[in-house]
Amino acid sequence: MAKVFFITGIDTDIGKTIATGWYAKKLMQQGASVITQKMIQTGCRGIAEDLLTHRKIQGIELTEEDKQGITCPYVFDYPCSPHLAAKLEQRTIERKKIETCTALLCEKYDYVLLEGAGGLCVPYNEEETTLDYLCQHQYPVILVTSGKLGSINHTLLSLQVLNSKRVSVHAVIYNLYPETDQVISQETQHFLRRYLEKYSPNTLFEVMDLISV
């Protein structure tokens, strides 16, 4: 049975998609079979754009599971929160469908990297948020952060809410992009590294290379 990691971020557009592809490639280079899954994609049609980015970073073609919609069971046209995108198309996002797709992938691969939509508390239907989904499944989390102003606050809030829900954090991925104020960026990286060493020593701290996609 595959190991499932859930990739989320401290904010929208923090680099979850790039980080998911990067981490998948890293595991592949260690000899593992890896597939990425997008929980829900908004703002596109057809095959999820984030999956295309994952495959490009991994250096592989689209898989049969991509073409069958297993790696992204819900794609919506309007670029907004999943619950609103579904409402606009008069559709319902059902947790069971996402779970079934993940289970199918787990039968074939060593690792499934499941990328969420937005941050931890984004609603995916009228009743449930991403955090609720995580609490139900207890997938270990890979949290993506960066060095932009405000990231320390957002990262600590995310870590603390995950801890309060007893959801384990496997790793924090530090995204070097965008290259902003280097004084702030370097201090953010050092602060977060020290914080994890003190309060969450089993959580890995990974610095992601700058990637051009």
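Every residue gets a Cβ built from N, Cα and C, even glycine.
The annotation in Swiss-Prot ties Thr17, Asp50 to Mg(2+), and of the candidates under consideration, Glu107, Glu115, Glu126, the one tied to the same site is Glu115. With Asp13, Ile14, Gly15, Lys16, Thr17, Ile18, Asp50, Glu115, Gly116, Ala117, Gly118 listed as the residues that bind ATP, the site has a largest C-alpha separation of 14 Å. The shortest Cα-Cα distance from Glu115 (Mg(2+) binding site) to any of the recorded positions (Asp13, Gly15, Lys38, Thr42, Asp50) is found for Lys38. Counting every protein chain shown, 10 other Cβ atoms lie within 10 Å of the Cβ of Asp13 (ATP binding site).
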